[in-house]
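I have placed the structure first, in the form of structure tokens, so that the comments after it can refer back to it.
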Amino acid sequence: MAADMRLPRVRKTLSVSESASHRRDLVVPGDIITSDTGFMRGHGTYVDDDKLTASVAGEVQRVDKLICVRPLKTRFNGEVGDVVVGRITEVQQKRWKVETNSRLDSVLLLSSVNLPGGELRRRSAEDELTMREYLQEGDLISAEVQSVFSDGALSLHTRSLKYGKLGQGVLVQLSPSLVKRQKTHFHNLPCGASVILGNNGFVWLYPTPGQQEEEAGGFYTSLEPVSLADREVISRLRNCLLALAAHKVLLFDTSLLYCYESSLQHQVKDILKPEVMEEIVMLTQQKLLEQEG
């Protein structure tokens, strides 16, 4: 059995920016955000001796006079329009329960999915009996948040053809706070794979599909064998995602692509070694800073 042995060495402390360690928008519990009484108290804050104080560790966000702290590590708090990747956990009457990394299971109503063939009609008792033919326990889906119930549970829909049942690919579960909010969360990367960056921290990597049959209504999943080259690209992207998440780098299509390009000089299995991971992430951060500058 082959064993990978490495000798200990002194690790250099690298810094991309000197100002990064003195960021004023990052706070820990007990930090005073402001002593100005003109600001309103938002989530993650409390008032102590007329001073607005952080109650969680996270990033300070200001909207006009409202101050809140967005936790760095938390469950997914969904908003209308968020793209999510989830797993079916239960089939109930006229609805599916979906695990979306939030505090409560999300709900996908039978009336909120496209029927196979794209038919537009009322859902009948026959549709209710054949719900497991559409989606069953364990299936992965991509969906959009349609509304938020009063108890915080999310109502999902898959009425667009870009949403629906997911086929062959790899699911990577990360912190929701690391996924950057964008106009689109579906990306076809030039390296030959595609990614769905769910706002809930679930990221789906899969081979870039060809022509998809529109008659499927979002339930078509290709079961053709995935080539070795595509599997290697997906594995490399998966390790790049884990490396970026370990160093708390914001995840979006550009950062993932830069990280992929920086990792090409290493083998896929070596990317998660601490010293290689640090080198790749440092190169990625430098490219992102050059792009911004």
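Glycine is treated like the rest: Cβ placed from N, Cα and C.
Curation does not apply to TrEMBL; its annotations are automatic.
For 26-63, the entry in TrEMBL reads domain 'Exosome complex component N-terminal'. The domain 'RRP4 S1' annotation in TrEMBL covers 75-147. Residues or ranges marked as domain 'K Homology' in TrEMBL: 169-208.
Across the domain 'K Homology' (169-208), DSSP assigns 3 helix, 19 strand, 18 coil. Cβ atoms under 8 Å from those of the domain 'K Homology' (169-208) belong to residues 58, 70-78, 82-86, 100-102, 140, 142, 162, 226-227, 229-230, 233-235, 237-238, 241-242, 244-245, 248-253, 256-257, 260 of the same chain, restricted to positions at least 6 beyond its ends. According to DSSP, the secondary structure content of the domain 'RRP4 S1' (75-147) in residues is 9 helix, 33 strand, 31 coil.
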